[in-house]
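This report concerns only the one structure given below.
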Amino acid sequence: MNNSEQFLSPRMGRVEQIHFVGIGGAGMCGIAEVLHNQGYRITGSDLGESGTVQRLRSLGIQVYIGHRLENIKGADVVVRSSAVDFNNPEIVAARELMIPVIPRAAMLAELMRFRHGIAIAGTHGKTTTTSLVSSLLAEGGLDPSFVIGGKLNSCGANAQLGKSAYFVVEADESDASFLFLKPMMAVVTNIDADHMDTYEGDFEKLRTTFLEFLHHLPFYGLAVVCLEDEEICRILPAIQRPTLTYGFKEEAHYRAINWTQKGMLSEFVVVRPAPHKQLTIQFQYPGRHNVLNALASIAIATELGVDDDSIVRGLQKFQGVGRRFQMLGEKQFEKGAAIIVDDYGHHPQEILSTIDAFRRVWPERRLVHVFQPHRYTRTQSLHRQFVDVLSLSDELLLMDIYAAGETAIPGVTSENLANEIRSRDKRVTIVSEQSLKATLDEFIKDGDVILMQGAGSIGQMAVNLMKNM
(Lines of atoms letter the chains of each structure in order from A; the text may use other names.)
(Lines give C-alpha, C1' and ligand atoms only; values in the text may rest on other atoms or scores of the structure.)
Protein backbone atom coordinates (compact mmCIF):
# COMPACT_ATOMS: atom_id res chain seq x y z
CA MET A 1 0.00 0.00 0.00
CA ASN A 2 1.51 3.35 -1.00
CA ASN A 3 1.24 6.58 0.97
CA SER A 4 -1.66 7.91 -1.10
CA GLU A 5 -3.77 4.82 -0.34
CA GLN A 6 -3.49 4.63 3.41
CA PHE A 7 -5.70 7.66 4.07
CA LEU A 8 -8.42 6.87 1.52
CA SER A 9 -11.80 5.32 2.16
CA PRO A 10 -11.88 1.53 1.85
CA ARG A 11 -13.22 0.27 -1.45
CA MET A 12 -16.93 1.01 -1.65
CA GLY A 13 -18.20 -2.55 -1.42
CA ARG A 14 -18.74 -4.00 -4.88
CA VAL A 15 -18.56 -0.62 -6.59
CA GLU A 16 -16.22 -0.65 -9.57
CA GLN A 17 -17.84 1.72 -12.08
CA ILE A 18 -19.23 5.15 -11.15
CA HIS A 19 -21.28 7.24 -13.57
CA PHE A 20 -21.61 11.03 -13.23
CA VAL A 21 -24.64 12.79 -14.72
CA GLY A 22 -23.50 16.35 -15.42
CA ILE A 23 -19.82 15.44 -15.17
CA GLY A 24 -18.70 18.73 -16.73
CA GLY A 25 -19.97 20.79 -13.81
CA ALA A 26 -17.46 22.55 -11.56
CA GLY A 27 -18.47 20.49 -8.54
CA MET A 28 -18.61 17.16 -10.37
CA CYS A 29 -15.48 16.94 -12.49
CA GLY A 30 -13.11 17.21 -9.53
CA ILE A 31 -14.76 14.36 -7.64
CA ALA A 32 -14.72 12.25 -10.80
CA GLU A 33 -11.01 12.93 -11.25
CA VAL A 34 -10.12 12.00 -7.67
CA LEU A 35 -12.11 8.75 -7.92
CA HIS A 36 -10.47 7.98 -11.26
CA ASN A 37 -7.07 8.43 -9.62
CA GLN A 38 -8.14 6.05 -6.85
CA GLY A 39 -8.67 3.33 -9.45
CA TYR A 40 -12.42 3.41 -10.04
CA ARG A 41 -13.77 3.15 -13.58
CA ILE A 42 -15.45 6.48 -14.27
CA THR A 43 -17.97 7.40 -16.95
CA GLY A 44 -20.07 10.51 -17.29
CA SER A 45 -22.38 12.56 -19.46
CA ASP A 46 -22.93 16.24 -20.09
CA LEU A 47 -24.99 18.43 -22.37
CA GLY A 48 -22.11 19.78 -24.42
CA GLU A 49 -18.41 19.82 -25.13
CA SER A 50 -16.20 21.97 -22.91
CA GLY A 51 -12.62 22.34 -21.79
CA THR A 52 -13.51 20.34 -18.69
CA VAL A 53 -14.92 17.49 -20.77
CA GLN A 54 -11.80 17.48 -22.92
CA ARG A 55 -9.58 17.34 -19.84
CA LEU A 56 -11.51 14.40 -18.37
CA ARG A 57 -11.20 12.52 -21.66
CA SER A 58 -7.46 13.19 -21.69
CA LEU A 59 -7.29 11.36 -18.36
CA GLY A 60 -8.98 8.32 -19.88
CA ILE A 61 -12.50 9.00 -18.59
CA GLN A 62 -15.38 8.16 -20.96
CA VAL A 63 -17.65 11.20 -21.35
CA TYR A 64 -20.83 11.07 -23.43
CA ILE A 65 -22.44 14.17 -24.89
CA GLY A 66 -26.18 14.10 -24.28
CA HIS A 67 -28.17 12.16 -21.71
CA ARG A 68 -29.33 8.68 -22.79
CA LEU A 69 -30.26 5.65 -20.75
CA GLU A 70 -27.57 3.50 -22.43
CA ASN A 71 -24.88 5.79 -20.99
CA ILE A 72 -25.23 4.18 -17.56
CA LYS A 73 -24.43 0.65 -18.81
CA GLY A 74 -22.19 -1.09 -16.28
CA ALA A 75 -22.57 1.56 -13.57
CA ASP A 76 -22.69 0.40 -9.95
CA VAL A 77 -23.66 3.85 -8.66
CA VAL A 78 -24.83 7.06 -10.34
CA VAL A 79 -23.79 10.49 -9.02
CA ARG A 80 -26.20 13.31 -9.80
CA SER A 81 -25.38 16.99 -10.12
CA SER A 82 -27.84 19.31 -8.37
CA ALA A 83 -28.37 20.92 -11.79
CA VAL A 84 -29.82 17.64 -13.12
CA ASP A 85 -33.48 16.92 -12.40
CA PHE A 86 -34.96 13.54 -11.54
CA ASN A 87 -36.66 13.25 -14.94
CA ASN A 88 -33.28 12.94 -16.64
CA PRO A 89 -33.35 9.69 -18.66
CA GLU A 90 -30.18 8.40 -17.02
CA ILE A 91 -31.57 9.01 -13.54
CA VAL A 92 -34.88 7.36 -14.48
CA ALA A 93 -33.07 4.35 -15.96
CA ALA A 94 -30.80 3.97 -12.93
CA ARG A 95 -33.77 3.91 -10.58
CA GLU A 96 -35.60 1.37 -12.70
CA LEU A 97 -32.50 -0.84 -12.61
CA MET A 98 -32.20 -0.27 -8.83
CA ILE A 99 -28.78 1.35 -9.22
CA PRO A 100 -28.15 3.75 -6.31
CA VAL A 101 -28.47 7.42 -7.30
CA ILE A 102 -26.69 9.80 -4.92
CA PRO A 103 -26.03 13.57 -4.86
CA ARG A 104 -22.50 14.76 -5.51
CA ALA A 105 -22.09 15.88 -1.90
CA ALA A 106 -22.74 12.34 -0.66
CA MET A 107 -19.84 11.08 -2.77
CA LEU A 108 -17.68 13.98 -1.59
CA ALA A 109 -18.53 13.05 2.00
CA GLU A 110 -17.51 9.45 1.32
CA LEU A 111 -14.14 10.62 0.01
CA MET A 112 -13.70 12.72 3.16
CA ARG A 113 -14.87 10.07 5.64
CA PHE A 114 -11.48 8.56 6.51
CA ARG A 115 -9.43 11.71 5.98
CA HIS A 116 -8.71 14.98 7.77
CA GLY A 117 -11.36 17.02 5.99
CA ILE A 118 -11.10 20.80 5.67
CA ALA A 119 -14.34 22.26 4.29
CA ILE A 120 -14.59 25.84 3.04
CA ALA A 121 -18.11 27.30 3.10
CA GLY A 122 -19.68 30.73 2.63
CA THR A 123 -21.82 32.57 0.12
CA HIS A 124 -18.81 34.34 -1.43
CA GLY A 125 -15.10 33.54 -1.61
CA LYS A 126 -15.30 29.75 -1.27
CA THR A 127 -13.38 28.90 -4.42
CA THR A 128 -10.54 31.36 -3.81
CA THR A 129 -10.22 30.41 -0.14
CA THR A 130 -10.24 26.67 -0.93
CA SER A 131 -7.53 27.31 -3.52
CA LEU A 132 -5.45 29.34 -1.08
CA VAL A 133 -5.71 26.71 1.67
CA SER A 134 -4.74 23.95 -0.79
CA SER A 135 -1.80 26.00 -2.07
CA LEU A 136 -0.43 26.82 1.40
CA LEU A 137 -0.68 23.21 2.58
CA ALA A 138 1.06 22.05 -0.59
CA GLU A 139 3.80 24.68 -0.17
CA GLY A 140 4.26 23.47 3.41
CA GLY A 141 4.86 19.91 2.23
CA LEU A 142 1.53 18.51 3.47
CA ASP A 143 0.52 17.30 -0.03
CA PRO A 144 -3.26 17.61 0.38
CA SER A 145 -5.97 16.23 -1.84
CA PHE A 146 -8.41 18.92 -2.94
CA VAL A 147 -11.66 19.42 -4.84
CA ILE A 148 -12.34 23.04 -5.84
CA GLY A 149 -15.19 24.66 -7.76
CA GLY A 150 -12.75 26.43 -10.08
CA LYS A 151 -9.49 25.72 -11.86
CA LEU A 152 -6.37 26.32 -9.76
CA ASN A 153 -4.11 28.12 -12.21
CA SER A 154 -0.88 26.73 -10.78
CA CYS A 155 -1.80 23.15 -11.74
CA GLY A 156 -4.47 23.71 -14.38
CA ALA A 157 -6.99 21.52 -12.53
CA ASN A 158 -9.67 21.80 -9.88
CA ALA A 159 -8.85 18.50 -8.17
CA GLN A 160 -5.83 16.55 -7.06
CA LEU A 161 -5.20 13.33 -5.17
CA GLY A 162 -2.47 13.94 -2.60
CA LYS A 163 -0.51 11.53 -0.43
CA SER A 164 -1.42 12.92 2.98
CA ALA A 165 -4.49 12.68 5.19
CA TYR A 166 -5.53 16.26 4.39
CA PHE A 167 -8.51 16.75 2.08
CA VAL A 168 -9.56 20.33 1.25
CA VAL A 169 -13.00 20.78 -0.29
CA GLU A 170 -15.33 23.57 -1.32
CA ALA A 171 -18.59 23.10 0.60
CA ASP A 172 -21.73 24.07 -1.31
CA GLU A 173 -24.59 25.77 0.51
CA SER A 174 -26.62 26.42 -2.66
CA ASP A 175 -28.65 23.23 -2.17
CA ALA A 176 -27.72 22.73 1.51
CA SER A 177 -25.66 19.70 0.43
CA PHE A 178 -22.74 20.80 2.61
CA LEU A 179 -24.68 19.15 5.43
CA PHE A 180 -23.51 15.78 4.06
CA LEU A 181 -19.95 16.69 5.09
CA LYS A 182 -18.32 15.91 8.43
CA PRO A 183 -14.98 17.73 8.30
CA MET A 184 -12.34 18.16 11.00
CA MET A 185 -11.90 21.86 10.21
CA ALA A 186 -14.28 24.31 8.56
CA VAL A 187 -14.13 27.89 7.31
CA VAL A 188 -17.18 30.12 6.86
CA THR A 189 -16.28 33.23 4.86
CA ASN A 190 -19.68 34.98 5.02
CA ILE A 191 -23.44 34.41 4.97
CA ASP A 192 -25.50 36.33 2.40
CA ALA A 193 -28.87 36.04 0.67
CA ASP A 194 -28.49 33.73 -2.32
CA HIS A 195 -30.15 30.48 -3.44
CA MET A 196 -33.00 31.46 -1.16
CA ASP A 197 -35.38 29.02 -2.88
CA THR A 198 -33.42 26.25 -1.11
CA TYR A 199 -34.24 27.92 2.22
CA GLU A 200 -37.89 28.70 1.38
CA GLY A 201 -37.07 32.42 1.30
CA ASP A 202 -36.26 32.33 5.02
CA PHE A 203 -32.94 34.01 5.86
CA GLU A 204 -33.09 32.69 9.42
CA LYS A 205 -33.20 29.17 7.98
CA LEU A 206 -30.11 29.95 5.90
CA ARG A 207 -28.30 31.28 8.96
CA THR A 208 -29.18 28.27 11.13
CA THR A 209 -28.16 25.87 8.34
CA PHE A 210 -24.66 27.35 8.40
CA LEU A 211 -24.63 26.86 12.17
CA GLU A 212 -25.73 23.25 11.70
CA PHE A 213 -22.89 22.79 9.20
CA LEU A 214 -20.36 23.98 11.80
CA HIS A 215 -21.84 21.58 14.34
CA HIS A 216 -20.97 18.71 12.00
CA LEU A 217 -17.42 19.29 13.23
CA PRO A 218 -16.35 16.95 16.04
CA PHE A 219 -16.11 18.48 19.51
CA TYR A 220 -12.33 18.62 19.04
CA GLY A 221 -12.56 20.15 15.54
CA LEU A 222 -12.00 23.78 14.58
CA ALA A 223 -14.25 26.45 13.08
CA VAL A 224 -12.54 29.43 11.40
CA VAL A 225 -14.98 32.28 10.73
CA CYS A 226 -14.84 35.84 9.39
CA LEU A 227 -15.40 38.53 12.01
CA GLU A 228 -16.11 41.13 9.30
CA ASP A 229 -19.40 39.47 8.35
CA GLU A 230 -22.45 40.69 10.24
CA GLU A 231 -24.37 37.43 9.91
CA ILE A 232 -21.45 35.36 11.17
CA CYS A 233 -21.24 37.65 14.19
CA ARG A 234 -24.91 36.86 14.84
CA ILE A 235 -24.31 33.10 15.03
CA LEU A 236 -20.89 33.32 16.70
CA PRO A 237 -22.20 33.03 20.30
CA ALA A 238 -24.12 29.89 19.33
CA ILE A 239 -21.15 28.00 17.84
CA GLN A 240 -20.45 25.12 20.21
CA ARG A 241 -17.10 24.13 18.73
CA PRO A 242 -13.55 25.48 19.14
CA THR A 243 -13.54 28.68 17.06
CA LEU A 244 -10.99 31.12 15.68
CA THR A 245 -11.88 34.40 13.98
CA TYR A 246 -10.18 36.46 11.28
CA GLY A 247 -10.60 39.95 9.89
CA PHE A 248 -9.45 43.55 10.25
CA LYS A 249 -10.98 44.07 13.69
CA GLU A 250 -8.69 44.26 16.70
CA GLU A 251 -10.43 41.38 18.46
CA ALA A 252 -9.88 38.93 15.56
CA HIS A 253 -7.51 36.05 16.32
CA TYR A 254 -5.94 36.44 12.86
CA ARG A 255 -5.90 40.14 11.99
CA ALA A 256 -4.71 42.08 8.94
CA ILE A 257 -3.08 45.46 9.54
CA ASN A 258 -1.32 48.00 7.31
CA TRP A 259 -2.99 46.76 4.13
CA THR A 260 -1.96 48.53 0.93
CA GLN A 261 -2.84 47.90 -2.70
CA LYS A 262 -0.30 48.77 -5.40
CA GLY A 263 -1.60 47.66 -8.76
CA MET A 264 -2.36 43.95 -8.50
CA LEU A 265 -0.11 43.57 -5.44
CA SER A 266 -1.75 43.34 -2.01
CA GLU A 267 0.56 43.80 0.96
CA PHE A 268 -0.39 43.53 4.63
CA VAL A 269 0.84 42.34 8.01
CA VAL A 270 -1.00 39.49 9.71
CA VAL A 271 -1.11 39.44 13.51
CA ARG A 272 -1.55 35.89 14.83
CA PRO A 273 -2.23 34.39 18.26
CA ALA A 274 0.80 33.82 20.50
CA PRO A 275 3.29 32.27 20.16
CA HIS A 276 3.09 32.85 16.41
CA LYS A 277 4.88 35.93 15.14
CA GLN A 278 3.56 38.57 12.75
CA LEU A 279 4.05 37.92 9.05
CA THR A 280 4.38 40.40 6.19
CA ILE A 281 2.33 39.10 3.28
CA GLN A 282 2.50 40.00 -0.40
CA PHE A 283 0.32 38.39 -3.04
CA GLN A 284 -0.94 39.22 -6.48
CA TYR A 285 -4.66 39.15 -5.79
CA PRO A 286 -6.34 42.52 -5.32
CA GLY A 287 -9.16 43.66 -3.09
CA ARG A 288 -10.19 43.73 0.54
CA HIS A 289 -12.20 40.52 0.10
CA ASN A 290 -9.09 38.67 -1.02
CA VAL A 291 -7.15 39.86 2.03
CA LEU A 292 -9.89 38.19 4.08
CA ASN A 293 -9.66 35.03 1.99
CA ALA A 294 -5.90 35.00 2.56
CA LEU A 295 -6.38 35.43 6.32
CA ALA A 296 -8.62 32.35 6.43
CA SER A 297 -5.99 30.30 4.63
CA ILE A 298 -3.22 31.61 6.91
CA ALA A 299 -5.27 30.58 9.94
CA ILE A 300 -5.77 27.02 8.66
CA ALA A 301 -2.14 26.66 7.59
CA THR A 302 -0.83 28.01 10.90
CA GLU A 303 -3.08 25.72 12.95
CA LEU A 304 -1.86 22.72 10.93
CA GLY A 305 1.77 23.60 11.59
CA VAL A 306 2.82 24.97 8.21
CA ASP A 307 6.02 26.95 8.77
CA ASP A 308 6.08 30.73 8.38
CA ASP A 309 8.35 30.77 5.33
CA SER A 310 6.05 28.39 3.48
CA ILE A 311 3.01 30.55 4.27
CA VAL A 312 4.71 33.72 3.01
CA ARG A 313 6.14 31.95 -0.03
CA GLY A 314 2.87 30.18 -0.85
CA LEU A 315 0.98 33.47 -0.98
CA GLN A 316 3.70 35.13 -3.04
CA LYS A 317 3.54 32.27 -5.55
CA PHE A 318 -0.25 32.03 -5.67
CA GLN A 319 -1.36 32.32 -9.29
CA GLY A 320 -5.07 32.64 -8.67
CA VAL A 321 -8.11 30.73 -9.82
CA GLY A 322 -9.76 30.56 -13.21
CA ARG A 323 -12.46 33.23 -13.74
CA ARG A 324 -11.71 35.03 -10.46
CA PHE A 325 -10.44 38.49 -11.49
CA GLN A 326 -8.45 36.71 -14.18
CA MET A 327 -6.54 38.96 -16.55
CA LEU A 328 -6.76 37.42 -20.02
CA GLY A 329 -4.54 40.00 -21.70
CA GLU A 330 -4.79 43.15 -23.79
CA LYS A 331 -6.77 43.37 -27.02
CA GLN A 332 -6.76 45.98 -29.75
CA PHE A 333 -10.16 47.41 -30.73
CA GLU A 334 -10.95 49.95 -33.44
CA LYS A 335 -10.40 53.00 -31.22
CA GLY A 336 -7.81 51.70 -28.78
CA ALA A 337 -6.45 48.83 -26.71
CA ALA A 338 -8.12 47.48 -23.57
CA ILE A 339 -7.26 44.91 -20.91
CA ILE A 340 -9.81 42.08 -20.61
CA VAL A 341 -10.59 40.70 -17.14
CA ASP A 342 -12.79 37.61 -16.71
CA ASP A 343 -14.70 37.13 -13.46
CA TYR A 344 -17.25 34.64 -12.15
CA GLY A 345 -19.02 37.10 -9.83
CA HIS A 346 -22.80 36.94 -10.20
CA HIS A 347 -24.16 38.21 -6.87
CA PRO A 348 -24.36 41.96 -6.10
CA GLN A 349 -21.89 41.65 -3.22
CA GLU A 350 -19.40 39.86 -5.47
CA ILE A 351 -19.81 42.52 -8.14
CA LEU A 352 -19.27 45.25 -5.54
CA SER A 353 -16.09 43.58 -4.26
CA THR A 354 -14.79 43.22 -7.81
CA ILE A 355 -15.49 46.85 -8.71
CA ASP A 356 -13.80 47.97 -5.48
CA ALA A 357 -10.74 45.87 -6.39
CA PHE A 358 -10.78 47.32 -9.91
CA ARG A 359 -10.77 50.91 -8.59
CA ARG A 360 -7.79 50.10 -6.37
CA VAL A 361 -5.80 48.43 -9.17
CA TRP A 362 -6.65 50.92 -11.94
CA PRO A 363 -7.85 54.15 -10.26
CA GLU A 364 -7.38 56.20 -13.43
CA ARG A 365 -8.85 53.76 -15.93
CA ARG A 366 -12.38 53.47 -17.26
CA LEU A 367 -14.41 50.37 -16.38
CA VAL A 368 -16.37 48.92 -19.30
CA HIS A 369 -18.52 46.33 -17.58
CA VAL A 370 -20.06 43.48 -19.59
CA PHE A 371 -22.43 41.64 -17.25
CA GLN A 372 -24.57 38.56 -17.83
CA PRO A 373 -27.18 38.09 -15.08
CA HIS A 374 -27.40 34.49 -13.85
CA ARG A 375 -30.78 32.90 -13.05
CA TYR A 376 -34.19 34.56 -13.16
CA THR A 377 -34.83 33.89 -9.47
CA ARG A 378 -31.63 35.64 -8.38
CA THR A 379 -32.24 38.59 -10.70
CA GLN A 380 -35.75 38.96 -9.29
CA SER A 381 -34.96 38.56 -5.58
CA LEU A 382 -31.90 40.84 -5.67
CA HIS A 383 -33.21 43.34 -8.24
CA ARG A 384 -32.63 46.44 -6.10
CA GLN A 385 -29.10 45.39 -5.15
CA PHE A 386 -28.24 44.69 -8.81
CA VAL A 387 -29.46 48.15 -9.83
CA ASP A 388 -27.36 49.77 -7.09
CA VAL A 389 -24.11 47.96 -7.84
CA LEU A 390 -24.30 47.92 -11.64
CA SER A 391 -24.81 51.70 -11.55
CA LEU A 392 -21.21 51.98 -10.33
CA SER A 393 -19.73 50.99 -13.72
CA ASP A 394 -18.47 53.66 -16.11
CA GLU A 395 -20.02 51.90 -19.11
CA LEU A 396 -22.45 49.00 -18.69
CA LEU A 397 -23.13 46.44 -21.40
CA LEU A 398 -25.88 44.12 -20.22
CA MET A 399 -26.56 40.68 -21.69
CA ASP A 400 -29.74 38.64 -21.49
CA ILE A 401 -30.26 36.58 -18.34
CA TYR A 402 -28.54 33.20 -18.38
CA ALA A 403 -31.31 30.81 -17.35
CA ALA A 404 -29.16 28.00 -15.87
CA GLY A 405 -32.08 25.65 -16.44
CA GLU A 406 -34.71 27.91 -14.88
CA THR A 407 -38.04 28.82 -16.46
CA ALA A 408 -38.36 32.49 -17.38
CA ILE A 409 -40.25 34.68 -14.91
CA PRO A 410 -42.59 37.25 -16.54
CA GLY A 411 -41.23 40.77 -16.16
CA VAL A 412 -37.78 39.62 -15.03
CA THR A 413 -35.54 40.72 -17.90
CA SER A 414 -32.25 42.47 -18.50
CA GLU A 415 -34.18 45.23 -20.28
CA ASN A 416 -36.17 45.99 -17.12
CA LEU A 417 -32.96 46.01 -15.11
CA ALA A 418 -31.40 48.35 -17.68
CA ASN A 419 -34.36 50.75 -17.62
CA GLU A 420 -34.10 51.23 -13.87
CA ILE A 421 -30.35 51.85 -14.11
CA ARG A 422 -30.99 54.36 -16.92
CA SER A 423 -33.38 56.22 -14.62
CA ARG A 424 -30.24 57.13 -12.63
CA ASP A 425 -28.78 58.89 -15.68
CA LYS A 426 -26.48 55.95 -16.46
CA ARG A 427 -25.98 54.67 -19.99
CA VAL A 428 -26.78 50.98 -20.45
CA THR A 429 -26.47 49.05 -23.69
CA ILE A 430 -28.13 45.68 -24.22
CA VAL A 431 -25.79 43.36 -26.13
CA SER A 432 -25.79 39.79 -27.40
CA GLU A 433 -22.88 37.47 -28.04
CA GLN A 434 -23.18 38.30 -31.72
CA SER A 435 -23.16 42.09 -31.24
CA LEU A 436 -20.57 42.24 -28.45
CA LYS A 437 -17.43 42.74 -30.54
CA ALA A 438 -18.98 45.49 -32.70
CA THR A 439 -20.30 47.28 -29.61
CA LEU A 440 -16.90 47.15 -27.93
CA ASP A 441 -15.28 48.49 -31.11
CA GLU A 442 -17.62 51.47 -30.78
CA PHE A 443 -17.16 52.01 -27.03
CA ILE A 444 -13.55 51.17 -26.20
CA LYS A 445 -11.01 53.94 -25.73
CA ASP A 446 -7.29 53.38 -25.32
CA GLY A 447 -6.49 52.33 -21.75
CA ASP A 448 -9.93 51.01 -20.84
CA VAL A 449 -10.44 47.79 -18.88
CA ILE A 450 -13.22 45.41 -19.91
CA LEU A 451 -14.70 43.37 -17.07
CA MET A 452 -16.54 40.32 -18.43
CA GLN A 453 -18.57 39.07 -15.50
CA GLY A 454 -21.13 36.38 -14.72
CA ALA A 455 -21.52 32.68 -13.95
CA GLY A 456 -22.98 31.62 -17.30
CA SER A 457 -21.64 31.47 -20.85
CA ILE A 458 -19.87 34.83 -20.62
CA GLY A 459 -16.63 33.17 -19.53
CA GLN A 460 -16.31 31.43 -22.88
CA MET A 461 -17.26 34.70 -24.61
CA ALA A 462 -14.30 36.37 -22.88
CA VAL A 463 -11.97 33.67 -24.19
CA ASN A 464 -13.48 33.99 -27.67
CA LEU A 465 -13.05 37.76 -27.55
CA MET A 466 -9.34 37.34 -26.91
CA LYS A 467 -9.22 34.96 -29.87
CA ASN A 468 -10.93 37.58 -32.09
CA MET A 469 -14.29 35.76 -31.95
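Cβ from N, Cα, C; glycine included.
These come from Swiss-Prot:
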BINDING   GLY122, THR123, HIS124, GLY125, LYS126, THR127, THR128  ATP binding site
Return the residues near THR128 (ATP binding site), defined as same-chain residues 6+ apart in sequence whose C-beta is under 8 angstroms from its C-beta, sorted by sequence, else 'none'.
-> GLY150, TYR285, ASN290, ASN293, GLY320, VAL321, ARG324
Other than GLY122, THR123, HIS124, GLY125, LYS126, THR127, THR128, the chain contributes near ATP (Cβ within 8 Å of their centroid) the residues ILE120, THR129, THR189, ASN190, ASN293
Which of the listed binding-site residues (HIS124, LYS126) has the least company, meaning the fewest other Cβ atoms within 10 Å of its Cβ?
-> HIS124
For THR123 (ATP binding site), nearby residues of its own chain (Cβ under 8 Å, 6 or more apart in sequence) = GLU173, THR189, ASN190, ILE191, ASP192, ALA193, ASP194, HIS347, GLN349
In chain order, residues whose C-beta lies under 8 angstroms from the C-beta of GLY122 (ATP binding site), counting only those at least six residues away in the same chain, are THR129, GLU173, VAL187, VAL188, THR189, ASN190, ILE191, CYS226
So, in DSSP terms, is THR123 (ATP binding site) helix, strand, or coil?
-> coil
